[in-house]
Amino acid sequence: MQKNDDLLRERRKDEHVALGVKQNEQLAPSSLEDIQLIGTSIPRYNVKDIDLTTTIVGTNVPFPLYINAMTGGSRHTKKINAELAEIAREVAIPMAVGSQSAALKNSSLIDTYKIVREINPNGMILANISPEVALQEGLRAIEMLEANALQIHINPAQELVMQEGDRSFSHWLTRIEEYVKLSPVPVVVKEVGFGMTRETVKTLADIGVQTVDLAGKGGTNFAQIENDRRRDQAYDFLLDWGISTGQALIDMQHQDAPKIAYLASGGIRNPLDIVKALALGADSVGMAGQIIYSLKKEGVTKTIEKLELWKEQLRGLFVLANAKNISELKTTPLIISGELAKWGALREIDLVKLANRK
């Protein structure tokens, strides 16, 4: 039985990658398109003046992008993790591995995650677990990677669509609080593409969580992935569940939103999307599906070249926004329009204040 469970987990990991790559073949419309930065025609800064440095859980990083959690736990995904680690090392960006549950249950799979630290010995690596994982096991996940931080992913919608998924969630908050108090490294609580509301973020902040990844809808859709894995595809009605990255970001502009650090991910497509997310308060921006898609289609070298180009393009966008660094960018005026503006108004976000920031 144990062997069958291991095989099922390995197959699921491979299916996640294959279906995720397929989803990223065509970029979906993004709620970030409803966000417009108000720039300048007389910039104060030169491109060489721009400082893209940011901080993630107390660690300074030179570029506000990270490779978000996606994979590990099978022979095939070991190769992908190795290539992602090479990209992270060369571009000097943090990287999170996918859920390490498989390796915690089957030690023969540890190397499919550990390869990340072997290839990127000095980089910022985030371990990744579910709130289902008991503390001692979670500490093993951190040790496995010599991780700099721990991602705890919260994914009730995915679990409910997954036939073999969890059905009990009421203990999650207590478990997360235990990690916050006892983890030897900082904790980041992240969604998996269904987005966090300000109420969810407040619930987490109240137990001591200091950083969240809002991880909105718009990128890799794990409800669809799990539904596609089902023979009956019985959860078609849930494929649009959640809030988008744009919605999650403007929700954090509400006067009652908790004042904690947040990251943004979910449907990030280009440097302009990154700038919009940073301008709405994110400290850094995560990508998973698009990077794996680029890796699969173009290889490691081309993906590195693409991300290096993004650095230069990002500096240019900061110039246009009249911002020398991320702190200044967070005061750039923004116009929210379309469906995102309607949603924001119903959530009582002061869109006029956003449009006239200084």
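Each Cβ is built from the backbone N, Cα and C atoms, and glycine gets one as well.
Note that this is a predicted model, so its numbers are computed, not measured.
Feature annotations, courtesy of Swiss-Prot:
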- Arg12, Lys13, Gln158: substrate binding site (BINDING)
- Ala69, Met70, Thr71, Ser99, Asn128, Lys190, Thr220, Gly267, Ile268, Arg269, Ala288, Gly289: FMN binding site (BINDING)
- Glu159: Mg(2+) binding site (BINDING)
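What Swiss-Prot annotates, mapped onto the structure for a quick look.
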residue: Ala69; record: FMN binding site; DSSP (3 states): coil
residue: Asn128; record: FMN binding site; DSSP (3 states): strand
residue: Gln158; record: substrate binding site; DSSP (3 states): helix
residue: Thr220; record: FMN binding site; DSSP (3 states): coil
residue: Ile268; record: FMN binding site; DSSP (3 states): coil
residue: Ala288; record: FMN binding site; DSSP (3 states): coil
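Listed in sequence order, the residues of the same chain lying 6 or more apart from Asn128 (FMN binding site) and placing their CB within less than 8 Å of its CB are Ala69, Ala96, Val97, Gly98, Ser99, Gln100, Ala141, Leu150, Gln151, Ile152, His153.
Just so you know, of the binding-site residues Thr71, Thr220, the Cβ with the fewest other Cβ atoms around it within 10 Å is the one at Thr71.
Distance from the CA of Gln158 (substrate binding site) to the CA of Ile268 (FMN binding site) is 20 Å.
Here the Cβ of Ala288 (FMN binding site) has 27 other Cβ atoms within 10 Å, regardless of which shown protein chain they belong to. Long-range C-beta contacts of Gln158 (substrate binding site), restricted to its own chain and to partners at least six residues apart, with a cutoff below 8 Å, comprise Gly165, Val192, Phe194, Phe222, Ala223, Glu226. The Cβ of the residue listed as 'Mg(2+) binding site' has 19 other Cβ atoms within 10 Å, all protein chains considered.
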